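Reading through the structure tokens given below for one structure.
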Amino acid sequence: APEGLEPNSFEDITNYNNYYEFGTGKRDPAENAHMLTTSPWTVKIDGMVDRPGDYQFEDILAKAQIEERIYRLRCVEAWSMVIPWNGFTLASLLGRVGVQSGAKYVAFETATRPEEMPGLRYQVLNWPYREGLRLDEAMHPLTLIATGLYGKDLPNQNGAPLRLVVPWKYGFKGIKSIVRITLQDTEPFTSWNDANPREYGFYSNVNPTVDHPRWSQATERVIGAGLFGSRRETEMFNGYGEEVASLYDGMDLQKNF
Amino acid sequence: MIADRINRATRKVPAWPLYILGALPPLWLLFQGFTGGLGVDPVKEMEHQMGLWGLWLLIAGLCVTPLQRFAGVRLIKYRRAIGLTAFFYIFLHLLIWLVLDVQIVSQIIADIYKRPYITVGMAAFVLLVPLALTSNNWSIRKLGPRWRQLHKLVYVIVPLGGLHFFLLVKGFQIEPLIYLGVIFLLLALRIRLPRRKRTAPAE
């Protein structure tokens, strides 16, 4: 994992967001996300698990071991920032509900509340927003469910009350404001892949050698570096290759992008 | 009539103050950029704002003739200032992309070849250059009727600008589609149906 990452300011992290349910502009989520009611919050966990059910967010949080993880977030739009998340591993949550032996994938779903999310008026994507991981990716110790940043409760524009963070994948894989987690044996529907399969693959691992058809992924703009801040070279797996490259042994990452 | 009032009001207003007004938005952006007023990603903000202002002015330039034809509002004397300011903004848009955003020459060249939205944007800019260079009285005299022919290139350039925006957004977004719709409407207003031939009265 990358060492010595210098986190972006709280200001940066909470005013530059992609959360299309609140609008497609980078500042729209900061302006509109206050409308989202995050308490009470229920997460439905179902599919191939031993203890399916509707879990209250408080109960999930009460049983969780919260730790800080400073990760670089690399957006598919070729920019990056560094975020000090607080959260727990997805593996610990899945461990508590008991994953059945046939399960191969995890599917996630974001809340869909037209009265609280003005961006849903536009069919930018096929709502609700959905994401997915292979089970081994989901169980990886780097894969986090974030519930806070900078030691504070997660701001709504960052995906309150709980969101996924997968640091070696493009940011859009980190689904926000999760209301449903389903264990299944088939590859899940994922929203951006559905919108444009040529541009967004199921895996969407950060990979400087596979360009987005409309822009290069070789470099990234560093958010917070100011007017003359330069680009940095994008690293394979966003710099987390040592930990995760083995998950993809024998796979053609040009095809499975 | 509103048209008459506009025409009377603008009779004594020369075009040159538009150039000064036109210089204000970039200066404002630069000031905001240096003082942190453009948010977390000032480079993208400046780049997008200049592109958007350029597109707005190109569309405004296309409005001049239909306004005169269908509403009797005469704004033709401002059209050169509108067009040149649009060129100025689009030039800045390109410059910000080259110098502050991409920075890396090899990547710039690759982008122009490989990325359709950048190819389209570059093509529109290249086509704008001769129009900007000939937006002066001397060129109009020198080129004669060819000047009008040359400046019909805007009918290609403005849709390319709209297409450039449409191609770069993620997902299905409304704003670029609105601009494209307006552009095509303004172009459609210029289509003159062939006049019915006046048949000479018999005998």
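For all residues, glycine too, the Cβ spot is worked out from N, Cα and C.
Record features, source TrEMBL:
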{"type": "TRANSMEM", "residues": "B:12-31", "note": "transmembrane segment"}
{"type": "TRANSMEM", "residues": "B:51-70", "note": "transmembrane segment"}
{"type": "DOMAIN", "residues": "B:51-160", "note": "domain 'Ferric oxidoreductase'"}
{"type": "TRANSMEM", "residues": "B:82-100", "note": "transmembrane segment"}
{"type": "TRANSMEM", "residues": "B:112-133", "note": "transmembrane segment"}
{"type": "TRANSMEM", "residues": "B:153-171", "note": "transmembrane segment"}
{"type": "TRANSMEM", "residues": "B:177-193", "note": "transmembrane segment"}
Per DSSP, what is the residue tally for the domain 'Ferric oxidoreductase' (B:51-160) in helix, strand and coil?
97 helix, 0 strand, 13 coil
Other than its close neighbours in sequence, what residues sit by the transmembrane segment (B:82-100), given a CB gap under 8 Å and a spacing of at least six beyond its ends?
18-19, 22, 25-26, 43, 46-47, 50-51, 53-54, 57-58, 60-61, 64, 108, 121-122, 124-125, 128-129, 131-132, 135, 154, 161
Other parts of the chain folded back onto the transmembrane segment (B:12-31), taken as Cβ under 8 Å at six or more residues beyond its ends
37-38, 45-46, 49-50, 53, 77-78, 80-82, 84-85, 88-89, 92
Note the mean pLDDT of the domain 'Ferric oxidoreductase' (B:51-160), expressed as a whole number.
95
